[in-house]
Amino acid sequence: MPLMDVHWLIYVAFGAWLCSYVIHVLSSSSTVKVPVVGYRSVFEPTWLLRLRFVWEGGSIIGQGYNKFKDSIFQVRKLGTDIVIIPPNYIDEVRKLSQDKTRSVEPFINDFAGQYTRGMVFLQSDLQNRVIQQRLTPKLVSLTKVMKEELDYALTKEMPDMKNDEWVEVDISSIMVRLISRISARVFLGPEHCRNQEWLTTTAEYSESLFITGFILRVVPHILRPFIAPLLPSYRTLLRNVSSGRRVIGDIIRSQQGDGNEDILSWMRDAATGEEKQIDNIAQRMLILSLASIHTTAMTMTHAMYDLCACPEYIEPLRDEVKSVVGASGWDKTALNRFHKLDSFLKESQRFNPVFLLTFNRIYHQSMTLSDGTNIPSGTRIAVPSHAMLQDSAHVPGPTPPTEFDGFRYSKIRSDSNYAQKYLFSMTDSSNMAFGYGKYACPGRFYASNEMKLTLAILLLQFEFKLPDGKGRPRNITIDSDMIPDPRARLCVRKRSLRDE
């Protein structure tokens, strides 16, 4: 047999084995004895259901919630099965101790943390300690700092506009750049926040991580060491990591003494043992930047789309901002008095959450729930938070949950009995967009302030509208994530004195 034919047979044999192996992996399933949703028929293979979940995840989860609202079910997605816990089980589940569940591990699994450099988050919770103990208590004093950087960012990132000219913009990209600059100020302080290498690295890192993680999710573990180096996104990610370590290392070595009020300095102060290593700190800073920039930017983009689709909210929101700022300027309490703006962001998030499933956990001990359901060790669970927020049982106010009511929550909070409830940053067993319990998103208070500040300044300085003849851009659902359409555009013009 000619040598070429032998090589061809080897390639065919390897390809056939690889296909069969991938199908075998995609066809495997968990041992949890609860209903599975999503199959079109009894004849549909599991591997096809897992693939369909990529673009039909939202409808599959919604179907399961509507059918099994008060009982447990599961969905099959690429890489894992997820047991979906209904609201009436949440308090029982959340009381489990950290040694039984891991909240960060699902993220590491979804995005191939071994290759995307996310494993550092499994080593300790340094980043959470810093956010909870240092950042959150300082939020009121950071308002003016964040506003200073936002004012500067707008001069760099918004297009030049003349007179009454409307300019079409990619608001999604603008939001990423604005939030990147504000976050860099809080993360690195005034001396280093405009480091272009860091700004570029954090923007690229998130994109390369998501692409690499998503591709490797469908690759069997045994083949990942061989496939990962072939991916352009993985090579970009490695460059991003190297760049991030270099920037953070240079900053750490240049800093003298203590007293800096930024996350990097707080992280250095709080670190113990191996946490003190520069590479360790740099990697945590990169992942924190990813979390703080891109989820916030997507939430803000959704809010801008909603605002332009419902322009009747623009003037009431602008009037509120002008009233608060006119009374006392951008003092420490200004953001807390934006009640309508807070409500609008919360309602926008209710319709357009970044994550359809929250409260993600992986159990590392087998346990039995009160109804007798056994949860084996290694099981992943989540809550259908988006589906819940379309259910009248979990959405307050007289307006039906299917209708967008931007002031839904501010109207309820006008009653003094509910003044401190239904805030954008608050979580409870009915609204888990930011998670719930001890392991709710630790940065949600910072993110809330950042978004309220950004939207308030945009309302004061600019006019926005949808392009003529266009409706609100449709969301894109990928797996269990919901993203604003990055191809959509908005029209913007600078406000003038005559607009006052």
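Cβ from N, Cα, C; glycine included.
The transmembrane segment feature in Swiss-Prot is assigned to 6-26; the stated evidence is sequence analysis.
Per Swiss-Prot, the feature N-linked glycosylation site maps to Asn240 (among others); the stated evidence is sequence analysis. Around Asn240 (N-linked glycosylation site), the same-chain residues six or more apart in sequence whose CB sits under 8 Å from its CB are Thr201, Glu204, Tyr205, Ser208, Leu286, listed in sequence order.
According to its DSSP assignment, Cys441 (heme binding site) is coil. Marked as heme binding site by Swiss-Prot: Cys441.
The feature N-linked glycosylation site is assigned by Swiss-Prot to Asn475 (among others). Non-local contacts of Asn475 (N-linked glycosylation site) by the CB criterion (under 8 A, 6+ apart in sequence, same chain) comprise His302, Asn352, Met482, Ile483, Pro484, Asp485.
Look at Asn475 (N-linked glycosylation site): DSSP puts it in coil. Of all Cβ atoms in the shown protein chains, 20 besides its own fall within 10 Å of the Cβ of Cys441 (heme binding site).
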